[in-house]
């Protein structure tokens with residue numbers, strides 16, 4: 001079992017060094033947030049996904065993806081203990097791994113989907129630490145092993161933390177924009193209804209006076225000629 005594990009560790013180490021891989025370190029039992037920045041204009045209208053790399057040339061098995069409707073990408077979607085949310089205006093894809101476990105360690109990808117193809121936004125190597133106070137000791141790393149092997153990898157400041165139950169993150173830019181659009185639409189609709197009601201009134205028309213007694217002003221009383229001579 002140990003030789004097999006050593007081979008896996010060496011494989012992941014070489015793979016992470018060959019690519020521009022970012023290392024995210026998390027503590028077992030806590031939550032880890034992974035951020036993947038991207039060009040919001042280039043990837044406008046595209047769904048995003050989080051997948052796990054299977055082998056050097058194997059496929060990247062999808063773990064979770066954003067909402068099928070791109071406009072709702074800001075909504076958090078869960079698959080087991082993994083969540084994904086996309087700030088399409090800010091250009092940041094955020095993945096949350098809740099209750100981090102040793103088997104969660106490994107190589108992942110943030111992807112931008114277009115049709116049947118996918119562009120890699122960032123390669124991520126997740127490390128699971130046994131003790132946050134002793135994370136520099138290689139013996140406390142479940143995966144992938146010694147830190148000296150990641151000379152070419154960029155270590156992100158992403159030590160995991162416990163999420164409080166009452167903690168509510170600030171809404172992303174997409175939510176604020178959606179609320180602003182809804183508010184603007186309501187204002188425009190109210191203005192249109194008010195304008196239609198104002199134009200519907202006919203200026204200069206007055207209700208009939210009580211002195212008319214119901215007679216048509218076009219008819220007048222005339223004296224008969226025979227009655228005038230008598």
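Heads up, the Cβ atoms here are built off N, Cα and C, so glycines get one too.
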Which listed span Swiss-Prot calls transmembrane segment, if the choices are 175-195, 196-216 = 175-195
Using a 10 Å radius on the Cβ of residue 77 (1,2-diacyl-sn-glycero-3-phospho-L-serine binding site), the other Cβ atoms enclosed count 16
Within 10 A of the CB of residue 51 (disulfide bond), the number of other CB atoms across every chain shown is 19
One residue among the recorded positions 20, 68, 79, 88 has the fewest other C-beta atoms within 10 A of its C-beta, namely 68
